[in-house]
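Visitor: Before anything else, here's the structure in question.
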């Protein structure tokens with residue numbers, strides 16, 4: 001497979017220019033936290049809800065490769081080697097190959113996307129991700145017309161991931177999107193949050209964020225992206241197909257078989273903070289509802 | 001020999017000591033909650049810990065008889081305290097669920113109890129514990145008679161199974177903890193069945 005340097009694709013002058021724009025945005029206070037190490041443009045897709053603290057976001061994680069407790073990833077992910085890192089792009093693409101992360105990052109526009117995150121377990125957060133649209137990377141790789149779905153895989157490295165000794169899921173962790181979902185501008189690959197590089201427990205160095213779906217769809221520490229013709233197998237669906245569908249769109253009207261999805265608790269809002277009504281597509285209905293026109297969301301859950 | 005020495009050491013221990021010791025985890029939990037030691041989602045942490053304590057005391061109650069049968073260590077005197085502590089933690093666990101987690105959203109609470117097997121089982125376990133707690137006095141044993149009282153208190157077996165299933169059904173996938181609790185409960189009930197069969201046959 002041919003290795004592609006992104007500098008071949010994007011003229012240097014262009015991204016230099018982009019950096020200058022971002023610097024200018026920083027001067028007038030548009031570029032997020034004042035001491036941000038990762039520069040990112042603000043986005044019209046960001047919510048104005050108050051983000052959770054960095055502490056909350058980085059100490060309450062479901063990342064079973066590092067253990068089942070919410071605090072396990074923060075405890076154990078420190079050993080993960082995230083540099084060097086490359087993502088293999090395979091399947092129905094014009095330019096398959098191993099794409100080094102630093103090359104990927106040279107070619108994309110980093111934005112700050114402040115998104116709601118709704119976990120299938122009934123809690124939610126607001127996270128100021130930094131990332132770029134998945135579409136940008138897929139377009140670089142050149143999606144072939146036959147491709148209908150995108151499949152993702154997480155790293156499996158037992159010596160750095162104590163949780164994979166447990167057979168709780170069939171590793172590697174797998175996720176997937178329909179191509180139109182993957183190409184949607186809300187769908188990002190995130191490489192940082194709060195102006196910092198992505199904490200390892202949050203899926204460093206590169207993870208998916210699909211804000212209108214339950215959190216488990218937003219696969220972490222991605223090493224492989226394949227464009228495929230048929231709906232790919234996904235980890236939670238393989239584990240329990242009755243409870244976790246391929247789509248897993250946030251939907252208060254479609255309960256988990258064992259618990260209600262009607263409302264959620266916002267993490268970090270205190271002992272007596274009111275529960276929040278869960279919204280269809282996690283509040284991104286206007287942006288994404290058209291993707292599912294004609295589909296019965298109770299069947300395609 | 002060893003069993004007799006243990007029994008000898010325990011003889012002067014007042015049951016009040018067991019109640020006091022059983023409240024230490026609660027004190028610890030309150031202290032952790034007050035100092036931010038429960039992590040990012042303290043409501044869930046408290047709810048989970050209280051339920052877990054109730055299950056642990058329940059397993060403790062079930063262990064007392066087999067322990068006496070097979071080792072001679074006699075903790076019968078402390079059983080009521082341990083059982084009541086379990087009920088106490090179940091009440092706190094339920095209160096936290098109603099007040100802090102579901103926040104008295106009665107429509108959702110009602111739907112959950114009716115529709116969610118793990119909550120239905122948990123509520124059944126709670127309800128089944130009420131007559132046990134109410135009859136946990138010497139007076140009640142006298143009034144009921146020992147054999148009727150003993151029969152009633154076999155409800156503990158059902159409560160323990162329901163409690164362990166309640167835990168197992170609320171988790172995603174098959175993590176070890178709830179499986180271990182259910183295993184302990186089934187093992188301790190199995191020991192009873194084994195003994196009953198052997199004595200019967």
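Quick reminder: no glycine exception, Cβ is built from N, Cα and C everywhere.
As listed in TrEMBL for this protein:
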BINDING   A:61, A:64, A:65, A:119, A:154, A:202, A:207, A:218, A:219, A:220  Mo-molybdopterin binding site
DOMAIN    A:82-236  domain 'Oxidoreductase molybdopterin-binding'
Visitor: DSSP secondary structure for residue A:154 (Mo-molybdopterin binding site), reduced to helix/strand/coil, please.
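Guide: DSSP assigns residue A:154 (Mo-molybdopterin binding site) to strand.
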Visitor: Determine, from DSSP, whether residue A:65 (Mo-molybdopterin binding site) sits in helix, strand or coil.
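Guide: The residue in question, residue A:65 (Mo-molybdopterin binding site), is helix (DSSP, three-state).
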Visitor: Test of understanding: give the count of other CB atoms lying within 10 angstroms of the CB of residue A:154 (Mo-molybdopterin binding site).
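Guide: Neighbour count, Cβ to Cβ under the 10 Å cut-off: 25.
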Visitor: In DSSP terms, helix, strand or coil for residue A:207 (Mo-molybdopterin binding site)?
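Guide: For residue A:207 (Mo-molybdopterin binding site) - judged by DSSP and reduced to three states - the answer is strand.
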Visitor: Across all chains shown, how many C-beta atoms besides its own are within 10 angstroms of the C-beta of residue A:61 (Mo-molybdopterin binding site)?
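Guide: The Cβ of residue A:61 (Mo-molybdopterin binding site) has 24 Cβ neighbours within 10 Å.
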